[in-house]
Amino acid sequence: MDCSLLRTLVRRYCAGEENWVDSRTIYVGHKEPPPGAEAYIPQRYPDNRIVSSKYTFWNFIPKNLFEQFRRIANFYFLIIFLVQLIIDTPTSPVTSGLPLFFVITVTAIKQGYEDWLRHKADNAMNQCPVHFIQHGKLVRKQSRKLRVGDIVMVKEDETFPCDLIFLSSNRADGTCHVTTASLDGESSHKTHYAVQDTKGFHTEADVDSLHATIECEQPQPDLYKFVGRINVYNDLNDPVVRPLGSENLLLRGATLKNTEKIFGVAIYTGMETKMALNYQSKSQKRSAVEKSMNTFLIVYLCILVSKALINTVLKYVWQSEPFRDEPWYNEKTESERQRNLFLRAFTDFLAFMVLFNYIIPVSMYVTVEMQKFLGSYFITWDEDMFDEEMGEGPLVNTSDLNEELGQVEYIFTDKTGTLTENNMAFKECCIEGHVYVPHVICNGQVLPDSSGIDMIDSSPGVCGREREELFFRAICLCHTVQVKDDHCGDDVDGPQKSPDAKSCVYISSSPDEVALVEGVQRLGFTYLRLKDNYMEILNRENDIERFELLEVLTFDSVRRRMSVIVKSTTGEIYLFCKGADSSIFPRVIEGKVDQVRSRVERNAVEGLRTLCVAYKRLEPEQYEDACRLLQSAKVALQDREKKLAEAYEQIEKDLVLLGATAVEDRLQEKAADTIEALQKAGIKVWVLTGDKMETASATCYACKLFRRSTQLLELTTKKLEEQSLHDVLFDLSKTVLRCSGSMTRDSFSGLSTDMHDYGLIIDGAALSLIMKPREDGSSSGNYRELFLEICRNCSAVLCCRMAPLQKAQIVKLIKFSKEHPITLAIGDGANDVSMILEAHVGIGVIGKEGRQAARNSDYAIPKFKHLKKMLLVHGHFYYIRISELVQYFFYKNVCFIFPQFLYQFFCGFSQQTLYDTAYLTLYNISFTSLPILLYSLMEQHVGIDVLKRDPTLYRDIAKNALLRWRVFIYWTFLGVFDALVFFFGAYFIFENTTVTINGQMFGNWTFGTLVFTVMVLTVTLKLALDTHYWTWINHFVIWGSLLFYIAFSLLWGGVIWPFLSYQRMYYVFISMLSSGPAWLGIILLVTVGLLPDVLKKVLCRQLWPTATERTQNIQHQDSISEFTPLASLPSWGAQGSRLLAAQCSSPSGRVVCSRWESEECPVLPLHPGLPHKARYGCCRSSLEMPT
């Protein structure tokens, strides 16, 4: 054994097999293999405890504080707080410490509570009882004590305690059914298969007698991928090696169904299970708003440093004159006079930093997080986005990208299952040029369709009849369909009846396969079932044919085909293969290729999904060679997928073409309307699909991506066969630039309205040539730039024959182009996950191809039509709200701090604060925080119906329109202007002591309180003026926050607080309000402060209105006209009356406008004076108007 171990080490590290460290070896039942067997290096594995919590009782405080102070804003305010503690600063440490303490405490309580819930869930899971096999008997232990190598028994409706290799079940065929709803959301039953050599072990003693080792890959989070092999030792013979795949793996979290019990061996436990590995979140995506917010913070940080530096310099300039540095009432001590000048200057600089630090809003981060978290529920609560048929509603997997939904410039969408229903219906099949459709049967004979007779001029004959039946057998055998037989039931141990063809219900992860099997059933051949590795079909003579299933060459999106190897009762071995025409035709050496290709292209143009079917007969020697090739690839632990692909390539060649099938996939409801609305919103839509060009092109026309006026440009393999890639790209570039002229960012993002209507079609092979390096070793960047130049001048792009990674390449190419547009990817299948993860926003459609797309997406919706409301309504609102929140926070903090800066010029730069400590502390926490939070949750600047009806409003917020530098500078200067009004208005009004009742001048605290009062009123009323959508909650919060400020000030200044060391605010607020000039000053200053913003909005709405502002004006006029008496409406002019009569003439003298269904309703011409709402009346209900 030692020599064997040494040999293993030498081979592993000296013979180039170092990659083997990526695998693990497991002794089943902890039994070592017999003497002489291969030795393995023992490894240490974790126990089966699941720990999803982040903290423990001991490390919660230090770890949570460390995580929170990793955020730059929190760390910044911590530094400010420490500076206030260390040096003599003008403000109390409470002013910075209390807000920081509040933010840290709220976050810690929230995270602590969430972690406590995780602890409870972990304990319940770890203490769950599990049945082990130990010395041939069942032993019950807690789940956390399970170890790798233990043999476990799981009963029906129990959850698997760890990741298990399926050894056996009570079923004779060695299968079991599981549901994985807790893992991927799929509630359908999935079939898993036991190891071939262990499926007969039905008792504890049988399983305990097993001697085997399992070699498998190290843990990785992909739920649908697993590579391993099992070595079963029988006596002293060489071990039997069997491959292990995902069909043999039972995942922790899945539930056993319709199976009494199973036995399995633990291979991944605890935090190494796939379920635990999927706890880790996806890579963090950052929205454009968040990036802008961080940029603005840096700007304000620079302003803060500049203010502190200017005041420090001016302080020493001012103190340079005699007696200013040391007045008679504040003489310095000897030690103070001898202090280093630079040290004093640095200390003063820090003190000014503390004084002005409130320009950085500490509460903005908390408010933004609350707004995103609470706002995300508006999507999940939206009843319009709930699908009754599926019983599913939208899902929000992250709330960090809500506002990004309002910034999308490119949409990349899958076709099958996203634009289409993925509900396949068999239409026809073509066998050697003859076309067959269901139900065309006469006297038991299948007749060719009349539309296909002209393709050949003779009947099939005897040879054709054989090929015809061989074609139907190929369809019945080449698939992975399961049969749910109502007569057979689930009890396989009892007597079985022969299944009735009419009672068969087919189940498959691929709707295409179900449609094909059901289609040939209507043509006379019925697939019955797979039993004991034999496939049974019922032919048109009602005889049951049995074929032994020898091998399955599974489908993958790269090969685009699948095959089966079967053996008939007469001993003949066949390989049946079906797949895409581009995948089958190059491997065909015999058959009527031209006739079949012609029919395939015709069906593709009609939008049908096509597959080609071929076969070849294998000699026993050929089958043995194929078996050895497949077995070698299947048991490989390294590069198994690559080796299998090479083996498939060797086997699937020299085929005989049988024919082709056509399946219809209907377009989803309102898919065309959704794409049309998105294009009107200025969003470019690209379709990325694996289908052939003709099929995808027909779908694009059906969904209005391409129109009759669209000039299609092709960049396909067929085109490249005629010209070089360089020539094709330059020709296309000249074509699109001939009418487009110079390119702008608007043309790139699809927002240009004068773009020529070009459509581009590119296939996967052409994209590979564009993306790969040049033959001369130079970069292919120039090809990419040419390609992007063509794409940015096309209104729509179709990418066909795309592999999953190519979809992600396309998204990445556009995402990182020089314009950096915001991208969105939407799909429903596992092949769409790569592009969903690559795009700025990923949306999964909850479809029929599983939940992988929905699980890996940022948002999930039931149907493609729901994308319209998600972007045009929710995305629009989210962006408007969050951008206003960010700008408003900076604005109100400029208003807050700039008077403090101005005050230093009147107090000798002594760092005297203008506001009381309580006001400094509560300004951002209590007085001004709730109104903007409610605004950012509930604001609707235009109605929901208007946004859905007019998609062009989406253009007004495109390209981060509300957070550009121009808008940011406007808000900043507005804050500076208001601060100047507050400070100097109060200063000049109360500079003359005659305006007060008793002739005394206001003190600095009364002056500061007056400025603060005007400021709170102005910033709150500014928000009220910006509010378009009022509810009782808005009224309560806005006016309630003002009343709270007044009540607090009365209480704070009306009581002598014994715990305070000072009483400087006593009677200040009451004294201020008792002065008539103070009331006059408040009213005047608030009015002047709001005036510029009001004037700007009035002038812009009248002179340079945006589309949104025009819509708001129309809505305002409509609301007024609802109360206008009918007699006051403008009369119809003669010209308008004649026009109306001409348009509305009909034989009955009436015009009837019916309810809108699927086509555009003609809009009746109305007099300009009529209310705007009347324009849409005919679309809502039947309307009759006399001529």
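Even glycines carry a Cβ here, placed using N, Cα and C.
Under the topological domain names given by Swiss-Prot, GLN84 lies across the membrane from ARG286. Note on the topological domain 'Cytoplasmic' (1027-1032): DSSP counts are 1 helix, 0 strand, 5 coil. Sorting each residue of the topological domain 'Cytoplasmic' (938-967) by its DSSP state yields 20 helix, 0 strand, 10 coil. Outside the transmembrane segment (885-905), and at least 6 residues removed from its termini, the chain residues within Cβ reach (under 8 Å) are 289, 292-293, 296, 300, 307, 311, 314, 355-356, 358-361, 363-364, 367-368, 371, 911-915, 923-924, 928, 932-933, 935-936, 962-963, 967-968, 971-972, 974-976, 978-980, 982-984, 1008, 1011, 1015, 1018-1019, 1022-1023. For the topological domain 'Extracellular' (83-88), the model gives a mean pLDDT of 82. Annotated pair THR416 (Mg(2+) binding site) and ARG801 (ATP binding site), C-alpha to C-alpha distance, rounded: 13 Å. Cα spacing between ARG801 (ATP binding site) and ASP414 (active site, 4-aspartylphosphate intermediate): 12 Å, rounded to the nearest whole number. Candidates ASP414, ASP828, ASP832 (recorded positions) were compared with ARG609 (ATP binding site); none lies inside 10 Å Cα-Cα. Neighbour counts of Cβ atoms within 10 Å were compared across the recorded positions ASP414, ASP828, ASP832; the minimum falls on ASP414. Cα-Cα distance from ASP414 (active site, 4-aspartylphosphate intermediate) to ASP832 (Mg(2+) binding site): 7 Å (rounded to the nearest whole number). Stretch with the most C-beta contacts under 8 angstroms to the transmembrane segment (1072-1096), considering only 62-82, 297-318, 350-372, 918-937, 1004-1026: 1004-1026.
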